[in-house]
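K.L.:
One structure is given below, represented as structure tokens, and several questions about it will come after.
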């Protein structure tokens, strides 16, 4: 797995990892995950103790909105990538001791067979994760703990107390356009507000 670049985001701990695809006249080949690379590459030190427990693939139609999801007991971190398609990946900081608590940022992930690289986003525990799909898309995510439906939380993307100031103007415009008429589950649409979550005992788990 050839790592091209590891970049910070405006949310501490959330990382953008770009890696190569090896292209020829037949198409391409790439490793989407390599445990040795993730434990030995000094640029990926934040993943040295990461242990992938579960891998998931999801398909979403254009204008689908998912999230904002998170989990405790066990806490869950995720590596997310687009296999094919285009989406805005959203990450909301719900760690009360973080300088960006209550703020949301995002990154435009897109992939097609013609691109010579792909991108992973690392979302540590304490980050509520969401997706806004700009086209029909397949995504894959690698989780460092098993899913627990009893301790999975949702903050509604419509929560009025989320601070969107970190998100770039162009991405915010695209998100707002989809949120005018999204395809979204009732569970996500009617999720907790940020204030409601902050008053729960579980909100103290994430540092």
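Using the three backbone atoms N, Cα and C, a Cβ is placed for every residue, glycine included.
What TrEMBL records for 69 is active site, proton acceptor. Sequence annotations record features per position, and here TrEMBL assigns active site, proton donor to 141.
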K.L.:
What three-state secondary structure does DSSP assign to the residue listed as 'active site, proton donor'?
P.N.:
strand
K.L.:
Roughly how many angstrom lie between the C-alpha atoms of the residue listed as 'active site, proton acceptor' and residue 141 (active site, proton donor)?
P.N.:
13
K.L.:
Check the DSSP secondary structure of the residue listed as 'active site, proton acceptor', expressed as helix, strand or coil.
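P.N.:
DSSP call for the residue listed as 'active site, proton acceptor': strand.
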